[in-house]
Amino acid sequence: MKLLFNFLAVILFFLDNGVSSVYTDRVSVVEGDSVTLCNDIKINKDDDIKWYFNSTRIAKITGDQSEICTDVQCKERFRDRLKLDHQTGSLTIMNTRITDSGDYRQEIIRSSTDSSKIFSVSAYGVFADERDKSVMEGKSVTLDPGETKNPNYLMRWYFYDIIIAEITGDQSKICTDDRCEERFRDRLKLDHQTGSLTITDTRTTDSGDYKLQISSRNSSCSITTMKRFSVSVTFPDSDLSAAAVAGIVVAVILLVAAAVAAGVVNYRRRSHTLVQQNVSNTYS
């Protein structure tokens, strides 16, 4: 009887507060990447949408108007790193930091009922060699996002703004874009278990930024994360990086300048000595 009473008390609590449902999603993101938090509830133009980080309100949508970080505490933490989507009510956190980890709550307020959803976000760091890849021209390089395949995921690889590969369930596509075909013809491979991308027979023109967009497909509004990789392809006859080469060039220039300066000083000393000798000979 006591258990039944407690159960009814909980139900009455939610009804009194007008909350129809509360869900929690867990999201992991690598520090520096972006993540989009989105509910699968259809948004109406009359809805009031509020986003909270722990107990601090960080964003709000009311009709056609939106507010982001009106609180000083929010501005200090998320300065210029939050975006709102009026169509879906989603919140995007860009250039994530470890300190962004925590609970994000979306409240949708309607005339009939309210709903709330919590996103538990974990931002974690990675070593530089996991994100930044350096490879000799002609060798292969693999970009591994460290993900386990999920049938509900849509995984899409970009080279700058060009879509170069895609995994949807058990299906995959590589270079459906003409620009991709011209640049990476028959040199890309996908791993369906991890979503990793391998570039074979690399060329210096393959250097640049690669992005992996991962979206859940279990709702009309997907939770999206964006992972970034930087690839540098160097010539096989040079084991030195561009920074090292630049350093050597600067050192050589400084040595030459020092040698020239020493020569000028030595020349002036010799000239001064000759002048003194000539003066002495004249008076003698």
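From the backbone N, Cα and C atoms, a Cβ is placed for every residue, glycine too.
TrEMBL: automatically predicted annotations, no manual curation.
Noted in TrEMBL for the protein shown:
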- 24-124: domain 'Immunoglobulin' (DOMAIN)
- 130-234: domain 'Immunoglobulin' (DOMAIN)
- 1-21: signal peptide (SIGNAL)
- 240-265: transmembrane segment (TRANSMEM)
Problem set entry | Residue counts (helix, strand, coil, in that order) that DSSP gives for the domain 'Immunoglobulin' (24-124) | 10 helix, 53 strand, 38 coil
For this session: For the domain 'Immunoglobulin' (130-234), provide the mean pLDDT of the predicted model.
Result: 88
